[in-house]
């Protein structure tokens with residue numbers, strides 16, 4: 001069976017995602033579409049607006065298989081996110097990875113990926129790091145502000161291509177042009193497509209604009225409970241106050257004395273966004289800081305970080321997805337394709353289980369990795 005993989009967050013699922021899946025399948029002539037999706041915390045450095053089970057159900061309206069991306073991937077840099085996602089795709093024997101981009105020129109993106117790999121090994125790169133500049137700024141400067149680097153999806157696409165070249169040369173890659181909405185659009189401005197940011201804003205504001213930009217047959221899923229950063233902050237504040245400076249120093253992505261900034265500013269902070277602004281330095285982007293804070297919330301240490309894939313958690317599958325999974329188990333009998341978590345296999349998913357428990361503690365929801373069987377229908 002020919003497969004196409006999509007590296008996703010679906011925060012939440014919308015018409016643009018549906019278009020991406022359908023185009024990916026069409027352009028690759030794939031028999032099965034596999035969505036590799038972030039769990040309850042996403043790359044923006046925040047909790048997903050809906051839990052992973054609801055979002056997997058949304059995705060199953062169009063995709064055939066939904067696989068959970070390791071939690072630490074979503075709370076890492078773009079390169080580590082891409083590396084683990086590509087390794088999951090390889091574990092799933094994906095033939096082609098299809099990603100969305102504003103550029104849509106795969107040749108240009110591959111050339112940029114090669115150039116960035118060379119830049120990262122240069123003395124100029126090391127010098128600019130010592131000057132305290134952020135990674136995105138350094139790359140932009142050394143590539144003479146290449147216009148393709150102005151859009152986040154192009155940047156992430158380049159990370160996928162770098163990871164494929166390094167870890168899974170057997171996987172092909174294609175780019176699909178994003179339609180209409182831009183990644184950071186804060187308001188819904190189109191009758192069919194909108195950014196995830198604008199849809200989340202609409203949902204949180206409790207208006208009905210999001211109705212126009214999500215698939216009609218799954219709109220009932222968008223009235224389920226959702227979670228925001230405002231709900232997270234009291235728990236985060238408690239965690240930072242309760243932890244020692246030394247303990248904060250040992251949290252994943254906390255470096256160069258940042259634990260002292262956390263301690264210095266937490267008592268005066270009144271909300272999440274105020275706190276993040278107070279922590280900002282020229283070395284770190286806002287997104288990096290937010291991911292760091294989620295690592296503090298989840299108490300993720302460097303030793304917890306996944307580097308290789310030893311098992312994957314199947315969140316959702318339809319009949320075609322089930323058939324593909326059966327095929328994989330025949331071809332790779334030694335691999336762990338887990339559809340239901342229990343005591344015998346829970347050790348593979350320690351971070352994901354903990355993230356779900358903390359997400360539930362804050363949101364008041366009850367679905368866990370143990371009481372929620374693999375999703376097989378979305379209606």
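Residue 1 is the first one shown; counting continues down the chain.
Each residue, glycine too, has its Cβ placed from N, Cα and C.
Listed features, source Swiss-Prot:
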BINDING   7-20, 100, 153, 178  ATP binding site
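The most densely surrounded of the binding-site residues 10, 13, 19, judged by C-beta neighbours within 10 angstroms, is 13.
Other C-beta atoms found within 10 angstroms of the C-beta of residue 16 (ATP binding site) number 22, with every protein chain shown included.
Note on residue 7 (ATP binding site): other Cβ atoms within 10 Å of its Cβ, all shown chains, come to 28.
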